[in-house]
């Protein structure tokens, strides 16, 4: 999860987030090289006498500054498109969970079970226990099995919301009258926090998301107790 004064992204907990981190580093390196080149050229212009101020034609230079940006854009676009298509893949999910956004809480329904559904509200600050996180804890966590492909169906009952968990690389809009879907798979157990990421009203900041990823045996025990 995030920590104070953090400069980078959250630690990756899913294959998709790993890919996004690699793409971030790849793009950041390209930006760094371009910025270094521009700063070098500016420093030369400020410290040396300008030459070729009356040049009317420079075919070689024009060719370079046309082709080079095109190559750079291709180097950014190709890995970006690859990840985009990976995020849209649905590969035989082991479990489906339907998520509905409300003003201002989330409701969850495990569609593979006959009667497993609940609402998830933020715990008020005055009711937090020692060690719990302000504005991030909920009364009912979403318990899911780790190392399994899970499909999330996401929609809204009222206004636009967005269901986001940064460490899993997830952000899907919850739109009234429309059912969006995404997949997730956590590679290790733990608690993963997120929040509504679309301004949805006065209590937009009070719609946290908590995923509790557990081994399959623990999930089966939990689901048996909940049904």
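A Cβ is built for glycine as well, from the same backbone N, Cα and C atoms used for every other residue.
Of all Cβ atoms in the shown protein chains, 27 besides its own fall within 10 Å of the Cβ of residue 207 (Cu cation A1 binding site). Annotated Cu cation A1 binding site per Swiss-Prot: 161, 196, 200, 207, in sequence order.
Every protein chain shown contributes to the tally, and the Cβ of residue 198 (Cu cation A2 binding site) ends up with 18 other Cβ atoms within 10 Å. Classification of residue 198 (Cu cation A2 binding site) by DSSP places it in coil, neither helical nor stranded. Taken from Swiss-Prot, the feature Cu cation A2 binding site covers 196, 198, 200, 204, and the record attributes it to similarity to another entry.
Residues or ranges marked as Mg(2+) binding site in Swiss-Prot (evidence: similarity to another entry): 198.
Taken from Swiss-Prot, the feature phosphotyrosine covers 218, and the record attributes it to similarity to another entry. Following the DSSP three-state reduction, the secondary structure of residue 218 (phosphotyrosine) is helix. Sequence-distant neighbours of residue 218 (phosphotyrosine) (same chain, 6+ residues apart, CB-CB distance under 8 A): none.
Outside the topological domain 'Mitochondrial intermembrane' (1-14) by six or more residues, the chain places 20-21, 24, 166-170, 184-188, 190-193, 213 with a CB less than 8 A from a CB of the stretch. Residues or ranges marked as topological domain 'Mitochondrial intermembrane' in Swiss-Prot: 1-14 (among others).
Marked as topological domain 'Mitochondrial matrix' by Swiss-Prot on the basis of similarity to another entry: 46-59.
The topological domain 'Mitochondrial intermembrane' annotation in Swiss-Prot covers 88-227 (among others).
Within its own chain, the transmembrane segment (15-45) has Cβ neighbours under 8 Å at 9, 72, 75-76, 79-80, 83, 86-87, 167-169, 185, 187, counting only residues six or more beyond its boundaries. The feature transmembrane segment is assigned by Swiss-Prot to 15-45 (among others).
What Swiss-Prot records for 60-87 (among others) is transmembrane segment.
For the topological domain 'Mitochondrial intermembrane' (1-14), the DSSP counts in helix, strand and coil order read 0 helix, 0 strand, 14 coil. Of the listed binding-site residues, namely 196, 200, the sparsest Cβ surroundings within 10 Å are found at 200. For the binding-site residues 161, 204, the ranking by surrounding Cβ atoms (within 10 Å, all protein chains) places 161 first.
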